[in-house]
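Features of the protein shown, as given by TrEMBL:
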COMPBIAS  137-146  compositional bias 'Acidic residues'
COMPBIAS  182-196  compositional bias 'Polar residues'
REGION    1-48  region 'Disordered'
REGION    137-213  region 'Disordered'
REPEAT    528-561  repeat 'WD'
Amino acid sequence: MPPKQPLRRQSVSVGRGTRKRDEDSGTEVAEGADEWAQSKATVRPPDQLELTDAELKEEFTRILTANNPHAPQNIVRYSFKEGTYKLIGFVDQLAVHFSQVGNLIPKDSDEGRRQRYRNNLVTGSEESAKLVISEAEVVEEEDEPKEAEAGSQTDLPAAEAAEKVAEELMTPKQPKERKLTNKFNFSERASQTFNNPLRDRECQMEPPPRTNFSATANQWEIYDAYVEELEKQEKTKEKEKAKTPVAKKMGKMAMRKMTSMESQSDDITKVTQAAKIVERMVNQNTYDDVAQDFKYYEDAADEYRDQEGTLLPLWKFQNDKAKRLAVTALCWNPKYNDLFAVGHGSYDFMKQSRGMLLLYSMKNPSFPEYIFSSESGIMCLDMHVDHPYLVVVGHYDGNVAIYNLKKPHSQPSFRSSAKSGKHTDPVWQVKWQKDDMDNNLNFFSVSSDGRIVSWTLVKSELVHTDVIKLKVEGSTTESLEGLQLYTVGCGTAFDFHKEIDYMFLVGTEEGKIYKCSKSYSSQFLDTYDAHNMAVDAVSWNPYHTKVFMSCSSDWTVKIWDHTIKTPMFIYDLNSAVGDVAWAPYSSTVFAAVTTNGKTHVFDLSINKYEAICNQPVVAKKKNKITHVQFNPIHPIIIVGDDRGHVTCLKLSPNLRKMPKQAWPQMAAHSEELGTNTRKKRGRKCRKVQLWRSQNWTNC
């Protein structure tokens with residue numbers, strides 16, 4: 001093979017002169033080279049990279065694989081064996097770039113031989129037809145069994161054999177008869193989906209625990225057991241003799257009730273959980289429109305009300321057993337936002353009767369979740385923050401009790417008594433506090449007997465400690481024997497500071513509010529001449545640490561700064577105020593309820609002179625609203641009246657606006673102004689406090 005000649009670059013210059021070929025370089029040079037420059041430079045694109053020799057010599061290895069780069073790697077299929085979706089490890093990597101359905105037939109097939117035979121007959125070539133017949137004979141001989149038909153084929157003449165083969169070639173073979181599929185047996189139909197194989201699932205239960213018990217008994221042990229049983233029977237007989245006939249009847253009635261309750265409970269306990277679920281489902285269907293309003297309804301008319309709002313009634317909670325009892329306390333559960341506790345008693349002190357503690361859930365408005373009854377009326381209650389199943393209540397007879405929601409019986413788990421230092425007058429308020437140094441549960445109570453008592457749960461027993469005794473200032477007199485006598489202050493409400501643990505406020509029937517400390521039992525930190533009648537409620541602001549609020553039966557609600565003895569705001573509501581509550585979402589929003597059946601909602605950041613919502617809540621004018629509480633999460637409030645009804649109301653958008661952030665410069669300016677002029681000019685200091693009250697913000 002001759003060697004390849006190297007390629008030579010030829011450059012042709014276009015001009016008027018003649019062309020000459022350079023023998024040495026192999027290029028043509030035109031005459032007039034001076035005028036036309038010889039162009040031998042290669043043309044490069046403007047964006048070509050200029051690489052060095054080392055970069056040009058660098059090799060890049062690229063490995064070609066059979067994997068399809070576009071094949072998905074995260075295909076998931078459901079595993080019936082494990083009951084979960086699992087990732088498929090094998091993915092089909094075949095990529096079809098071109099496919100076409102052809103019409104070619106193999107020569108050795110029956111159809112191929114028939115077509116060749118027809119074509120040869122048409123063209124008239126007998127030799128080719130014979131060739132086709134001979135090929136067909138060879139194929140038939142190979143296919144047929146040698147032992148069965150070997151003799152018959154040799155006896156026939158060649159012409160008859162050829163004619164027979166030709167007939168077989170010309171007549172198409174009929175397909176074998178197939179079994180007709182049953183149209184109703186869908187497992188044989190090809191259009192059905194794949195039937196998953198059946199699998200057996202087995203489980204093994206743990207065997208119940210077993211213990212082997214064996215003991216020996218002799219005559220003496222049996223005799224001792226009989227003697228103990230006889231002694232117990234004699235003691236019970238002596239106790240029955242000591243009882244009065246009235247007590248015996250009461251005991252028999254109680255035993256009958258207990259047995260009847262036990263017989264009923266035996267039948268119900270098996271389906272209690274299922275019955276609760278079904279009851280909630282039925283109630284959700286019954287009150288579906290109310291639930292939809294609670295979840296989604298927003299009053300669109302608030303845009304045209306000039307920053308005023310409304311209250312939308314939702315559910316109404318009531319129970320037949322508490323029909324004639326007033327709502328004396330309300331408290332939301334700190335853990336479950338749909339659960340709240342209601343205390344029932346009576347404010348008519350001439351008609352005192354029993355009391356009830358009911359716990360309702362918004363999921364079931366028709367019937368309470370828990371029911372506890374007591375011999376004396378319940379006047380106050382509180383739920384523990386860390387242990388939401390513990391509820392402490394204060395009774396009209398001066399006792400305090402702790403109910404445990406985990407225990408099914410209706411009796412309190414712990415209860416005070418005359419020996420353990422119970423109050424001598426009604427207990428008006430109770431509050432859980434932090435555990436003591438030994439991690440014992442601790443709560444406080446205030447009563448009309450002038451005592452503020454700290455109760456500690458020590459070894460399943462309530463131990464009391466008198467924190468302070470209220471005394472009316474200026475009422476101390478000396479008796480003939482030289483003893484000092486003083487008038488006892490009647491406590492009606494109290495509240496502990498949110499940050500300073502030892503500081504708390506106490507409201508009295510005389511209308512005064514005392515700022516007290518847990519460390520001082522003989523004197524007050526400060527005294528406020530708050531109201532002209534009894535103080536019904538006192539509450540610290542949850543965000544502004546200096547501000548607290550009080551309400552009274554003298555128709556007024558007052559907002560205070562505990563560093564100033566005069567109130568910052570005074571609101572006259574034209575009726576006795578039963579209760580007040582701060583909103584959990586804003587430091588400037590609070591609600592008050594009055595005995596004329598109205599609920600008042602204030603927002604000091606919008607209007608500091610009057611309420612932005614005055615709405616009657618109860619149906620009848622004779623009904624008096626006693627208490628109000630905000631839900632810690634949802635935009636709703638609950639109010640209770642003296643007929644035992646609790647109504648749930650939803651706040652419109654104008655009543656739950658978030659406060660605006662105050663400017664840092666204005667806040668700093670107000671601080672300087674307040675600190676410099678507090679001592680000299682009290683009036684200007686109060687103006688600064690008024691300005692601050694409009695700019696209280698969330699933490």
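Glycine too: its Cβ is placed from the backbone N, Cα and C atoms.
Model confidence over the repeat 'WD' (528-561) is summarised by a mean pLDDT of 90. Taking Cβ pairs closer than 8 Å, the repeat 'WD' (528-561) reaches residues 492-500, 505-515, 567-582, 584, 587, 590, 592, 594, 689, 692-693, 696-699 in its own chain, all 6 or more past its ends. Across the repeat 'WD' (528-561), the DSSP tally of helix, strand and coil residues reads 0 helix, 20 strand, 14 coil.
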